[in-house]
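Student: Sharing a structure, written as structure tokens. Questions coming.
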Amino acid sequence: MQGSFQEKEALADIFDQLKDVDIQIFGVIIEIFKKEKVQDCLGYLSDIGNQKQLESQILQQVGNFTQADTEQKLSVIRNDMKQITDVLRKLKDHDFNKKDFSSEENEKSTLRLINSIKCKSQSIEFLVHLTSIDKTLIQCGSNSLHLLVQMKADLRHQNFENIKIENTSLVGANLVQCNLSGSEFNNVNISSMNLNGTFLLNCKWKNIKIHELNKLDGHDDSVNSVCFSPDGTTLATCSGNPMYKSIDNSICLWDVKTGELKAKLEGHSRTVLSVCFSPDGDTIASSSYDYSTRLWDVKTGKLKAIFDVNSKMVMQVCFSPDGNMLATGNYDNSIRLLDVKTGQQIAKLDGHNGSVQSVSFSPDGNILASGSQDKSICLWDVKTKQKFAKLDGHRNCINSVCFSPDGNTLASGCGDKSIRLWDVKTGQFKAQLDGHTNTVYSICFSPDGNTLVSGSEDVSIRLWDFKTGQQKAKLDGHNGTVYSVCFSHDGNTLASGSYDKSIRLWDVKTAQQTAKQNGPSSYVLSVCYSSDGNTLASGSDDMSIRLWDVKTGQQKAKLDGHSDYVNSVCFSPDGNTLASGSGDMSIRLWDVKTGQFKSQLDGHSYTVRSVCFSPDGITLASGSIDNSIRLWDVKTGQQKAKLDGHTHYVYSICFSPDGNILASGSYDKSIRLWDVKTGQQKAKLDGHSDYVNSVCFSPDGNTLASGSGDMSIRLWDVKTGQFKSQLDGHSYTVRSVCFSPDGITLASGSIDNSIRLWDVKTGQQKAKLDGHTHYVYSICFSPDGNILASGSYDKSIRLWDVKTGQQKAKLDGHSDYVNSVCFSPDGNTLASGSGDMSIRLWDVKTGQFQAQLDGHNDTVYSVCFSPDGNTLASGSQDMSIYLWDVKTEQQKAKLNGHTHGILSVCFSPDGNTLASGSYDKSIRLWDVQNRKQFLPNNNTFKEILTQIHAPLFQDNLPSLPNNITILRISETPLFQAQQALIFKGDFVNYYGYDLRSLFKFSGSCILGDFEQNEI
């Protein structure tokens, strides 16, 4: 063991020999190797003649120098060349060039190596590029690429043309917009890779490992059942809506390896609930809501027989192991045994007092198990047709029952979210498998009996270790209830069918090996950009904070420590410190650069809801449900003051513009002013007769406005703490107050459906902006502060003249409530998003409707202009983000990836990145730079071929597709290949499955096979 440790330490020392090498040299060497068609790198570098030639060429390419400088530079180059040659000599005979350093047995030592390496990532990239030249260094380069992935090096936009990678894991690699053309991958795990916008021309990828093998789209309704043929080459699936009127009542047969649809069997008149292959694979049985059971010829796709023996829906069908008998579970509470050859009913088994949802034969065919809506499982003797056991324990409907391969154990999946294991001989309960968060609809044993798989309404698939009862893996990807799961007969592939209308194929072995991705495991409660826009922080109810590098698309740090929800995150003004407030009653300060915990600020006795830095970054304020506000010294982490006085929840806190005063509004009906430096209460402003919802300082800091549940707004003199005036007019709770940029006007919004404008100097109402007949959902000032826009539940938008308080225009057109309004940066255009699924553009000057942007098929929740005003982004409940060209009013792009509704979209300050937040518990960052749109026609294809040979280590690849996900922040692993360009080549997993279908369904463009002489 000691020897192994010393060897790894020596490996770190080998890499460190490259830490001072000029990175320009690596690129020059690779180009020379390619030009000279070198195959033995070490031999070439060891030749004295070659050394002098290399030195001369490197000297020419790295710059012009004086004679004296040339001699000095030449000395440096010679030393660098010596170090490179020495490193290659050592690595060639090292285990690093022989063993897979991504394997589980080497995981800890590899992590130590990563922590010890001091050389630049470009030095390690050099070793990756050598695989395209020297076959004797392939494993060394493969391990190097694995190291780079684990180090979170920025690998985007790189030219990795013709590299040869084998026997390693690249799980989670972010290779966005790279050139991997001509690459050869063998025995490489590519699960969770981001290949968006990547060139994949003439690749040879074989024996690939990936947890998701394919996604089969063909059904127009929920996929209710999946079943492999005995030889594993064909998958049968059936469709129909189990709850509403069905539009697809078909059965589909798929080629498992290619993902191609082989046949579509139609005949059922209502939802098809179940399909099952006969043991010889020649016949498929199906059951339906149309009361029938049908037999189909697999080879011809023709209907062989219809069994009409039921008076109600047939819930499930199952062949006996010898193929002579068919069992059906029925809505009339019965089980029926049918003779396959004659179609006659052999027996009707009564005993349940609820619909029979599932039936399953034991492997020897002597026992039939049935699960029912009556919460019980029954075991039947097939020969005597008698019930000999009833298994009770579940607390809801039994949706699925399945025997282990040895017949000794029965598994059951239930609406109570649990899976139970039962001893078949004794009928005793053995174990309960918990983990699903909603109804379990389907379970299935692997052929070797070691693994149990389950599908659930929580949209996940889970793999369980049968012996230990522990969860082995969680497979995410479906965005609807998983109704059916089934192992292939060799146990290598898993099929799943879902309410989302898709079928997915999974590699079982790789799925268990694929590491869980870093990301929030639940709802993201707060996000915040650093002031320079380079870092994004997120706080989640999984108790973690994550820092993400916006430029590289890599997670910089996961900040663990809180023991409850992280409700609020906030960067200091200089961006060096992050503050977080949590339900665990604490505030934590983190070093943004290192990701290290700096200090914990304890003192609150209840949930911390809000944290906010003072403008100078010296003080942090926190508000809590414990009714207190606390001020903290950011440098020392010490509490400077506890601002006690409030006797109930603190709803709103706000720093004065100079940062010296903090104002707070509370449920206790009071406002308090606090001296930030001393922590002393300067004033308690009483007067409101109900809770204070909002406080806001005027731009000059002299006046404080407050809005209350008592329907009033009050203005206070900050210096004296005296009440200046009360602004009455609202007839219901005032939810929000806001000063105009010049401080002359105050706007207020209320549940009384009105907006009011107030003259701050006189305290007089300037205008009551009446017109809305229902709640006001959104208000927005124009950039110059002269116009206020409002969107309402009453389906209208109103434009108000801030100076006169008069309504300038009522913008009608939406047929549902208006969720969001947003001014363009120049103030000339207003965008609105509505529950009617549309976005509208309005001319602010004339109030006229300009255009309607249609494309979404559900509620539009959020609209946002880019900083230059040329692009509008919209987020919708339909799970998509649209980018619109404001000038042409045309859709520029549709950004797919989220699996639930999108609540918010926001551009970065430079307009190059769009952030989106979703109900799917993920945050995504999208590259929305204005690149040339790729159109896969012959001319463009030829143009790309002439451009992709970009020099190494340079970000000058050809124009690529824009609007792709450059970062996905989520716990759920997901393979991405949106707008990847594929031409010819092979993409095959180690079972022989063609993965191009998976690439296609992931959004890749499979280019046509052009004639060689056209290229």
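Each Cβ is built from the backbone N, Cα and C atoms, and glycine gets one as well.
Pasting the feature list from TrEMBL:
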type   : residues : note
REPEAT : 265-306  : repeat 'WD'
REPEAT : 307-348  : repeat 'WD'
REPEAT : 349-390  : repeat 'WD'
REPEAT : 391-432  : repeat 'WD'
REPEAT : 433-474  : repeat 'WD'
REPEAT : 475-516  : repeat 'WD'
REPEAT : 517-558  : repeat 'WD'
REPEAT : 559-600  : repeat 'WD'
DOMAIN : 569-723  : domain 'EML-like second beta-propeller'
REPEAT : 601-642  : repeat 'WD'
REPEAT : 685-726  : repeat 'WD'
REPEAT : 769-810  : repeat 'WD'
REPEAT : 853-894  : repeat 'WD'
Student: Hey, which bits of the same chain come close to the repeat 'WD' (349-390), Cβ under 8 Å, at least six residues off its ends?
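Tutor: That would be 315-322, 325, 327-337, 396-403, 405-407, 410, 412, 414, 422, 424, 427.
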Student: By DSSP, how many residues in the repeat 'WD' (307-348) are helix, how many strand, and how many coil?
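Tutor: Breakdown, helix to coil: 0 helix, 22 strand, 20 coil.
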Student: Within the repeat 'WD' (265-306), count helix residues (DSSP H, G, I), strand residues (E, B) and coil residues, in that order.
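Tutor: The repeat 'WD' (265-306) comes out at 0 helix, 22 strand, 20 coil.
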Student: Residue list, the repeat 'WD' (475-516) vs rest of chain: Cβ under 8 Å, 6 or more residues beyond ends.
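Tutor: Here the qualifying positions are 169, 171-172, 189, 191-192, 209-228, 230-232, 235, 237, 239, 242, 254, 256, 259, 439, 441-448, 451, 453-457, 459-463, 879, 899-900, 920, 971-974, 989, 991, 993.
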Student: Could you tell me the mean pLDDT the prediction assigns to the repeat 'WD' (265-306)?
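Tutor: Per the prediction, mean pLDDT sits at 95 for the repeat 'WD' (265-306).
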Student: So, by DSSP, how many helix, strand and coil residues make up the repeat 'WD' (433-474)?
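Tutor: Secondary-structure breakdown of the repeat 'WD' (433-474): 0 helix, 22 strand, 20 coil.
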Student: For the repeat 'WD' (391-432), DSSP counts of helix, strand and coil?
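Tutor: Split by secondary structure, the repeat 'WD' (391-432) comes out as 0 helix, 22 strand, 20 coil.
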